[in-house]
Each structure stands twice: as C-alpha cells, then as structure tokens.
Amino acid sequence: MNHFTVNTTKGVFWWNIRIVLLAKKTLLTRSTMITGLHCFLQLNAGSGGEGGEIADALKELETWKGKVEEATCVKADLALEATKQEEAKTKAKKDMNAALEQQNTYREECTKATFAIEGDILRLQKENKHLIDRLSGRKDALDLKRTRVDQLTEQLKFSAKIPDIKLKFSEVLKEEEDSEMGEHISGYHTITERPTTVLTGGQALITFEEKKVASQILRMAKCPVPVEKDTLDVIPKSLTLGSSVKFGIQLDVSKKALKFSGVRSAMSQEAIRGHLESSFSRPSRGGGEVERVEYDPDTGTGKVTFLNTGVAERLALIGMYSVDLDAHVTIKVEPVLQYHLEGFQAFCGAPERTVLLDKIRDVEDEEDMADILEIFFQKQTNSGGEIESIKYISRGKELLALFDVI
C-alpha cells in the first residue's frame, strides 16, 4: 500500500512519500514509484502558490526519471555483457579443455610413434648386423672360391701349338659375291693341357734318354749315393701325373655384327633403338649402313648388324663408339663370337723315362747336389745311363713341374 502526505502551511511546500512494500503481495520498482509521484504532482500542480515549486519538482523528477531509465539501460547492457562474458568464459573453458584433451591425445600418439620408431630402429639394426654377418660370410666364401679358382687356373694352364699355314690368295671376292661363310672369320684351335706334378723339398726329378734305364732304376729299392764321407740312401719312385685334357675350339668371328653394352636412357625402347641405328649409320664416326639393331633394355646391351662387311671389324678394333641418346654417350663395342668345343679328350699316365728321387738330405746346395746325383746316375755300374735333364729342390721349397704331351 502507498501513502502520500503533503503539508502546505504558510507558503512552505514539503512533501514526503512513504512507500510501504508488501513483499508477499506486490513489488514496486523504482520506475513505478517515480510514475506514481509524477501523477501526484500533476494533480496538485494547480493548488495555490505551490504550483511553481511543483512544476520545478516535476522537471527535476523528469530528469531523474531519464537518469533512472538511462541507468536501467546501462544495467541491462552490463547484465547482457556479463552474460556474454560468462558465455565466452564458458566457451573458452570448453575450448581449453578440448585443447588439453587434444594435447594429451597428441602426446600419447607421439609416445606410441616414438616407441614404434625405436622398435623399427632396433629391428633395422639387427637386420643390418645380420646382413653384415652374411656379407662377411659371403666374402670369406668368395675368397675361398677365388683361391680355388687360382689353384685350378694354375693346374689348367694350356700350351697350344698353332701350326704355320701357308696361304695363297688367288682372287678378291666382291661384297655382293660373298657367301654366307664369307660373313665370318673362322678358325680352329687345338688346346692341350700339359700334365703336371708338384716337386717338394728333398726330391729330384731325373729324365733319362732311354726307357730301359728308368726301368732299371725303378727296380732298385734304394740307391746309395756317396757324398764326400757320407752316403745318401735315395729312394727311386715311379711318377704319377695329374690328369690333363686336349680339345679343339671352332671359333667364328662375325664380319658384319657387333655387340655393344653400357646403353642406359630414360627414353622408350623404340626411341633408343632409333637413336642407336642413327648413330651407327654415321660414316664420320666410322659407322656404316645398318641392317638391324637389337636392344635389351634390362641389361643395356644389344647387337647391331651392318649391311656390308668391314665396319664391324674396324669398330671392334677400336673398342668404343659414340652414340647420341639423352646426351652424347660413349659405349663399349666388341666382336660377335660363336664358338663350340670339339674332340674333347681327358687322359692321365706316367712318364716312362722320368724317375722321382725321394728322401734326399740337404748336404750340399741345390746345384752341387744336382751334379752329384747326375754323376751317380750316369754310371752304368750304378744301373744308370745318359741323362736328358735333372732338377733337385732343397727342403722347404716346392716346384710345379710341367711335362710335354707326346
């Protein structure tokens, strides 16, 4: 309930407003109070001399009313701003929590990735160690094989005797008259491996001019060879040679075809073949008219066949040729060879005129000891005879002896 009281005694105007708010029944806002007061002052504006004062009061009341409304707007704006700030704070908190969760997720993923990378590194290190061990084993095996190859190379040294052949040239054939056989240079070679034996320290090889002398010496259990005040009991032994072979090789060298290698390019196979044909066709580089070009892109090798003879022979002697691919490239060229084996024969045996002398002590140097042995075995009283050759090796040495095949 609102109570309004106004006293107007002796020209003095005063007013008092008392507002009693009943909290349980009604709630008056500040605006309601001002509106009520404004109505009251308007009703009493025309009462006597107090009218001017009431008018001023009304003006002041309007001013305060505007300020109250302005303050209300400011309060509403502040409340709205506070609400927005609260919403922004809540959103920023949510974003921060999401960022923290994402950071934790990234940290976990980074940890997992680190563990995975460390595992891969350990695995690669183990594989690398395993490969290094395998490579070391392969190197050792390769060294053994190379040693074996060297040994076999020493054992399979060939001595080829090519007989002299007198040739008589009757006429010169023109290229268009060349037959199929005229496109190749043919040759036949006989290869004979010489039998060998290894002579160790304290042994000697002695070859007599007659077989019967060697047979007589071999029938003796030992040969007492006098050396100054001592006597050497030399043991004669028959000699068994290693196996040897003999074979022939038919070799044909093409006069038109030429092999090449070292061709690498990013171009297509057809483009490479075209560039090769064009390069081999240039007379300024020593080439000639090309019949066909064969090329293998996997190995970078191939074969070029010229229409005329002579070009391949000339280039094969040079060994290199310049071709135009992606750039100017020098490739290796070599002749085309065709060969096959004929008349292969393997044989072994013992020399009939050679005797191995064993158990010889080093009482003299090699030359003096060889002279002593030669003098002893030349005497017929010692069952000896004429000597063709003799070779003695002192202890601690080895010698590979080669024999001719008759």
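Each position is counted from 1, following the chain as shown.
For all residues, glycine too, the Cβ spot is worked out from N, Cα and C.
Just so you know, TrEMBL annotations are computer predictions that nobody has curated.
Some features that TrEMBL has for this protein:
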type	residues	note
COILED	82-109	coiled coil
DOMAIN	204-291	domain 'NID'
DOMAIN	304-389	domain 'NID'
Handout entry: Residue distribution over DSSP helix, strand and coil in the domain 'NID' (304-389)
Key = 24 helix, 36 strand, 26 coil
Exercise for the section: Could you pull out which residues elsewhere in the chain have a CB under 8 Å from any CB of the coiled coil (82-109), counting only those six or more residues past its ends? Expected result: none
Handout entry: Secondary structure tally of the domain 'NID' (204-291) (DSSP, helix then strand then coil)
Key = 23 helix, 38 strand, 27 coil
